[in-house]
Each structure stands twice: as structure tokens, then as C-alpha cells.
Amino acid sequence: MNPIVINRLQRKLGYTFNHQELLQQALTHRSASSKHNERLEFLGDSILSFVIANALYHRFPRVDEGDMSRMRATLVRGNTLAELAREFDLGECLRLGPGELKSGGFRRESILADTMEALIGGVFLDSNIQTVEQLILNWYKTRLDEISPGDKQKDPKTRLQEYLQGRHLPLPSYLVVQVRGEAHDQEFTIHCQVSGLSEPVVGTGSSRRKAEQAAAEQVLKKLELE
């Protein structure tokens, strides 16, 4: 792996690994090696959820559990993590197998999001909880400053359903049109058909649920509700 690219990534992250092998593992997809990043991803997912929950708890002392849960879900969901990954140009640093490289895996939202979680797990093992917590808060500063409780934090499928019901329109239909990849690393493509839109809207994700949420989010944007 190009050391110039790796050093540039660490500068963008705001953290230099003491044990570079942890960084290498965090950037390695299971298609590239048996020493891949899925265990780090598991760890990072839990750490991220805790750090964001703790930040929201202290930022919003009068907000109830439901609104805090929805805000946390917005901040830790796959497309938010993928946005962060793109801000760090993470795609150019990924270690992917030939099949994933050929299919453009370095652009795939689910792979970018999973790698961000693996990096969080790697930083924790390389340092301590205080260091990784401060790093996450630095990454999320703008998003934490901008987020607020309310209906906008409901997931896209719920918001779309409520919008249509409020106008006495039929509920959206979701159809799986493609499933790519091996069982452990699939990508679902969903078509969402909504009354008033001439063509179905496409969403993709690492599970059917995530793909449906992505499609609903695109519908909301077309309806100018996002």
C-alpha cells in the first residue's frame, strides 16, 4: 500500500496509528485477505453508537429517548458514514479483492461505511476510549452542531409513509430488482414506486431494509421533502 496515500489519510483522520498493522487491517475488505476488517468493524460500530449517544445525551438534556434514538440513527447510519469516508478520500486507500475492484467496490457506500467503523475499532485498540471518543467528536462536530430533534430524524420510510398517508395517497411499493455479491457481502437494489412519480426510484444497500431506506430517501428528495 502506497505510504504517501496512507500518510495523507492519517493526516485527514487526525490520527497516526502507533501500530500500522491495525490500520492495514482496518482498510482490508474480506475479498482481499483472510485478515480482514470485520471484527474491527463490529467493535467500531458499538464504540460509535456509544460516543454519539453520550454526546446527544449531554447536548439535549430535555429531549426524550425517542428523539435521541432517531438523531443517533441519523448520525450513525451507513450513508452518513459513507459521506465521512468520502471527505477523507477513503476509497483510494481500501484493500479490495479483484472482483470488488472490478465492480467499483471502492465507491460502494456499504464498504465505505463498514471501513469507517473498522477504523474506529482500530483507533480504539491502538490507543484508548478517550482518544477515539475525541476523534469521533471532531469528525462529527458540524453534524452534531446542525442536528436537532423532530420529525426530520424519523427514518426515510416512516417519513415517506406519513407524507403519503397525510395526502390520502397509496403507500409506496418496494421491489427487489437485483442482489449482487456473496451471501456475506451482498448489495441489494430496490425499486420504489410512488404515486405521482412516473418512474420507480432506485435505492441500494447492504441489506433489503437499507436499500429500501435509501430508495425512500431518494423519493423524499424528489418530492423536495428532504
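Using the three backbone atoms N, Cα and C, a Cβ is placed for every residue, glycine included.
For the Mg(2+) site that Swiss-Prot gives as ASP114, GLU117, the extra residue drawn from GLU38, GLU41, GLU187, GLU199 is GLU41. A Cα-Cα distance of 5 Å separates GLU41 (Mg(2+) binding site) from GLU117 (active site). Here the recorded positions are GLU41, ASP114, GLU117; the one with the fewest Cβ atoms within 10 Å of its Cβ is GLU41.
Within 10 Å of the Cβ of ASP45 (active site) there are 19 other Cβ atoms, across all protein chains.
A distance of 5 Å separates the Cα atom of GLU117 (active site) from that of ASP45 (active site). Broken down with DSSP, the domain 'DRBM' (155-225) shows 26 helix, 20 strand, 25 coil.
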